[in-house]
Amino acid sequence: MAELLLKAFAAVFAAVVVLSGAAVSAQTHHVLGGDGGWGTALDVGSWLSGRVFRVGDKISFNCSGTDNNIVELESPEDFHSCDLSNPIKLYTDPISQIELKKEGARYFTSANPDNCKNGLKLHVPVESQEYEPHPHEPPFEPFTPHEPPVEPFPPYDPPQPVRPPPQPVRPPPSAAAYLNNLSLVMFVGLLICYVVV
């Protein structure tokens, strides 16, 4: 009984380890701007291209100087107009790591309004952990050639074998030829009889 209980416990423990490993491996750490970090030289549009943000992912802002602090805004209107008067949070650490804990849009911008107006801002759409096609990702379509469809082949009809033309048939011997041969045989037979007797 104890052995069975131990095996059941081991199976549950293994399942928990496997499932927790899958959850950890599904997270992505996005380093904003790579080595250049968060600053006026960052091309945010290029950096965002092709990225998908999911619940559990992390974003790292590498800032240099107070001019590049980060403000998180609540509304898309504040984000687009660079209205920094009502921020949710101000990030002042040189390396700010932000965990994306739930689905929805997050809005980050430079704490300097001029930098924000020059494009130093980041809209992060956070998606669920399960895979769903990214809104900018075209739906999967199987490959279709650009050539018109090929007509199906007609059923296979093997060619008929070529037979040589029939040889001309000799006409049967005439009755006269038959009688002629018979006469010859009779004559030879009589001759033999005559010689022998």
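All residue numbers here begin at 1 and follow the chain in the order shown.
Any Cβ shown, glycine's included, is placed from N, Cα and C.
Just so it is clear, the model here is predicted, and its values are computed rather than measured.
Per TrEMBL, the feature domain 'Phytocyanin' maps to 28-128. Averaged over the domain 'Phytocyanin' (28-128), the predicted model has a pLDDT of 86.
Feature annotation from TrEMBL assigns region 'Disordered' to 129-172.
The compositional bias 'Pro residues' annotation in TrEMBL covers 140-172.
Summarising the annotation, TrEMBL assigns transmembrane segment to 175-196.
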Summary of DSSP states over the domain 'Phytocyanin' (28-128), given as helix, strand and coil counts: 19 helix, 39 strand, 43 coil
